[in-house]
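Trainee: TrEMBL lists Lys204 with the feature active site, proton donor. If you look up TrEMBL, you'll see Leu11, Gly12, Cys13, Gly14, Val15, Val16, Gly17, Thr18 marked as NADP(+) binding site. Annotation source TrEMBL lists NADPH binding site at Lys104. According to TrEMBL, the L-homoserine binding site annotation covers Glu189. TrEMBL lists 348-425 with the feature domain 'ACT'.
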Amino acid sequence: MGPVALRVALLGCGVVGTQVVRLLTDQADDLAARVGAPLELVGIAVRDTARERPGIDPALLTDDAAGLVARADIVVEVMGGLEPARELILAAIEAGASVVTANKALLAQHGPTLYEAADRAGVDVYFEAAVAGAVPIIRPLRESLAGDKVRRVLGIVNGTTNYILDEMASRGLSFDAALAQAQELGYAEADPTADVEGHDAAAKAAILASLAFHTRVGLDDVACEGITGVSADDMRWAAETGHVIKLLAIAEASADGVLARVHPALVPLDHPLAGVRGAFNAVFVESEAAGALMFYGQGAGGAPTASAVLGDVVSAARHRVLGGKGPVESWYADLPLAPADSAVTRYQVRVAVADRPGVLAQVAQAVAAHGVSIEAVRQPAAADGATELLITTHRAAESALAATVRAIADLEPVEQVISVLRAEGA
Ligand code: NDP
Ligand code: HSE
């Protein structure tokens with residue numbers, strides 16, 4: 001008699017779940033060999049059991065998710081949302097099952113509750129797919145870099161916004177036109193708010209910061225700004241100054257503590273993140289001993305995300321067969337959380353001003369008065385007595401920059417502060 005099959009319960013059968021079923025089925029023999037026991041899909045919880053789903057055995061579908069998790073060794077949660085996902089995962093853990101989830105929103109809000117429950121029950125919670133889809137970044141941070149010290153993590157972790165920004169940069173599209181295209185191609189949802197406002201990236205930033213700095217960082221701790229304010233003009237100016245604009249999830253530790261933030265940023269064209277095109281994701285890790293590392297690949301889509309989910313299923317299943325357990329939550333450092341305006345970086349401030357003698361001096365004086373140092377000022381050709389100034393600063397604290405911008409905006413010859421962009425990755 002062969003080894004007893006491990007019972008796998010699937011919560012959700014949408015974009016990701018369908019592909020999880022396909023991989024579990026198509027690769028059943030290989031998975032059994034890698035795990036040391038067959039994996040048996042015992043049920044799939046969905047909302048609508050009557051809907052026809054090509055490639056899915058209707059006999060496996062159930063709307064009794066709670067009943068399903070009670071009869072599984074491994075529960076794969078790919079239904080999304082906070083509830084009932086949270087209570088189903090807790091029920092699974094309490095029933096002794098290990099859990100694999102792709103749910104970054106849930107982890108960014110309730111991760112510690114789930115990790116503590118899993119620790120108490122002696123089961124695994126894996127979540128490789130929750131950040132950057134197929135790109136392995138959770139395991140490297142939790143395991144491969146466990147002997148090193150991470151300094152900073154810079155991530156392009158939202159494919160939809162990277163696609164939009166890339167179309168704006170490479171084809172000169174407006175934000176609205178690029179968004180419409182992303183929706184047509186199925187990258188952006190009908191309601192793209194979570195992507196374009198940075199909320200999806202913020203959840204991922206919270207997870208990355210927690211892992212990188214062994215400190216609990218939740219969604220509400222992440223300073224978040226989306227890409228809706230980025231204009232085609234900003235893109236042109238970025239290119240003019242040797243940059244491209246990317247939505248970055250940034251996690252770093254300073255003397256003030258851990259800071260996690262998401263915002264559009266100017267990235268120098270020679271930085272590896274600048275070459276991340278289309279809907280691809282990449283996470284750039286700066287660490288003390290290993291130096292710079294970049295993890296790159298497909299951050300979304302059914303099959304790529306299912307690949308990461310299945311990797312986790314194999315890890316959890318091996319523990320069931322061979323004994324042992326995956327890494328538990330590590331928050332021993334418990335660093336303070338730094339205020340958002342403690343970030344220190346370079347800025348490009350674009351200002352519409354009257355074109356007459358002395359204006360540049362007035363603006364430069366306002367900048368200097370706040371302790372911010374100017375690296376360069378560019379001035380395009382003037383028209384009708386008005387012009388623009390593009391001021392690039394040296395590194396300065398966000399609080400000093402904010403005060404500078406307010407002071408500039410109050411100057412008589414300044415018509416408008418058009419945009420303020422942070423420059424990262426230099
Ligand atoms: P979908 O919306 O395509 O699928 C969700 C599935 O969950 C559907 O089958 C739905 O049932 C089921 N479901 C939802 N709510 C319930 C409920 N209350 N009870 C029972 N079943 C329910 O989502 P995705 O596959 O796109 O995403 C799943 C998870 O993976 C999310 O957490 C997402 O953030 C994450 N993720 C997704 C990626 C992607 O590219 N799509 C990439 C990385 C992570 P029904 O079919 O009946 O509607
Ligand atoms: N909506 C996300 C993206 C995929 O565009 O990258 C799921 O995290």
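Cβ coordinates come from backbone N, Cα and C, glycine included.
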Trainee: Quick one: of Leu11, Cys13, Val15, Val16, which of the binding-site residues has the smallest count of other CB atoms within 10 A?
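Mentor: With the binding-site residues Leu11, Cys13, Val15, Val16, fewest surrounding Cβ atoms within 10 Å: Val15.
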Trainee: In whole Å, how far is Glu189 (L-homoserine binding site) from Val15 (NADP(+) binding site) when you measure between their Cα atoms?
Mentor: 12
Trainee: Compare the C-alpha of Gly14 (NADP(+) binding site) with the C-alpha of each of the recorded positions Lys104, Glu189, Lys204, and give the closest one.
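Mentor: Considering only the listed recorded positions, the nearest one is Glu189.
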Trainee: Give the sequence-ordered set of same-chain residues, not counting Leu11, Gly12, Cys13, Gly14, Val15, Val16, Gly17, Thr18, with Cβ within 8 Å of the centre of the Cβ atoms defining the NADP(+) site.
Mentor: Leu10, Gln19, Val20, Val46, Val78, Met79, Gly302
Trainee: Which recorded positions from the list Thr18, Glu189, Lys204 come close to ligand 1, meaning a Cβ under 6 Å from one of its atoms?
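Mentor: With ligand 1 as the reference and 6 Å as the Cβ limit, the list is empty: none.
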Trainee: Out of Lys104, Lys204, which of the recorded positions is least crowded by other Cβ atoms within 10 Å?
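Mentor: Taking Lys104, Lys204 as the recorded positions, the minimal 10 Å Cβ count falls on Lys104.
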Trainee: If one measures from the C-alpha of Lys204 (active site, proton donor) to the C-alpha of Lys104 (NADPH binding site), what distance in angstrom results, rounded to a whole number?
Mentor: 6
Trainee: The residue listed as 'L-homoserine binding site': which of the binding-site residues Leu11, Gly12, Cys13, Val16, Gly17 is the nearest Cα neighbour?
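Mentor: For the residue listed as 'L-homoserine binding site', the spatially nearest of the binding-site residues is Val16.
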Trainee: Pick from Gly12, Gly14, Gly17: which of these binding-site residues has the biggest number of other Cβ atoms within 10 Å of its Cβ?
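Mentor: For the binding-site residues Gly12, Gly14, Gly17, the Cβ with the most other Cβ atoms within 10 Å is Gly17.
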Trainee: Just give the helix, strand and coil counts over the domain 'ACT' (348-425), going by DSSP.
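Mentor: With helix first, then strand, then coil, the domain 'ACT' (348-425) has 23 helix, 33 strand, 22 coil.
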Trainee: Could you give the Cα-Cα distance between Gly17 (NADP(+) binding site) and the residue listed as 'NADPH binding site', in whole Å?
Mentor: 15
